[in-house]
Ligand code: AP5
Ligand code: MG
């Protein structure tokens with residue numbers, strides 16, 4: 001199963017990705033987590049990404065695409081994967097298409113987690129008190145939502161046009177949302 005999880009900051013992509021990875025036996029690949037790991041290890045990639053992340057901006061496509069290309073080439077991703085937070089721009093969509101075309105594979109579905117803005121603001125404020133992510137300050141949170149609306153929301157139509165989009169209501173208990181996603185994938 002080759003899946004993409006789409007949705008605004010705070011929609012629950014990371015939360016659901018971890019659960020779905022177990023259910024579907026595929027690796028959850030979060031570009032945000034990979035960037036954060038590189039920042040905390042002080043790698044070159046981390047140094048390139050940090051300023052963008054802290055400002056709530058997207059890391060440039062060239063950097064992000066190269067990182068995902070490497071990750072998808074790893075053995076554990078050959079049989080399938082779940083991408084959390086990639087693609088986020090139309091250029092990334094085109095690049096992912098090229099990566100998959102090159103080995104004759106394709107996406108099975110794109111799950112869009114829908115959650116209204118009031119709820120994501122509430123969730124991110126709560127997470128800020130627990131995890132202290134450097135991009136969870138109030139002003140940066142607001143900007144991340146704007147960047148999502150401008151650069152990533154258009155992907156919903158792109159994947160809907162391909163018949164791949166599975167919108168799922170992200171409100172409610174975490175386990176209930178997981179059940180809805182699995183049902184939308186025909187695995188319920
Ligand atoms: P990334 O780490 O991907 O952040 P994001 O998309 O902004 O999403 P979040 O991780 O904030 O939210 P989430 O949807 O995962 O929700 P979560 O499960 O945590 O990206 C960070 C940055 O990295 C970007 O801004 C950019 O700079 C860079 N980056 C990453 N990918 C990139 C790309 N492709 N291109 C360029 N740059 C890129 O849940 C949120 C909170 O809600 C948690 O506290 C959780 O416990 C809670 N929660 C979850 N589900 C529920 C529920 N059902 N009910 C109540 N609470 C819930
Ligand atoms: Mg996340």
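Glycine too: its Cβ is placed from the backbone N, Cα and C atoms.
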Further ATP ligand in TrEMBL, beside 10, 11, 12, 13, 14, 15, 172, within candidate set 69, 71, 78, 127:
127
May I ask you to find which of 19, 123, 144 TrEMBL records for the AMP site already listed with 31, 36, 57, 58, 59, 85, 86, 87, 88, 92, 133?
144
Output, ordered by sequence, the same-chain residues six or more apart from residue 11 (ATP binding site) with a CB under 8 Å from its CB, or 'none'.
113, 114, 115, 120, 170
Please list the DSSP helix, strand and coil residue counts for the region 'NMP' (30-59).
23 helix, 1 strand, 6 coil
For residue 172 (ATP binding site), what is the tally of other C-beta atoms lying within 10 angstroms of its C-beta?
11
Please compute the mean pLDDT of the model over the region 'NMP' (30-59).
98
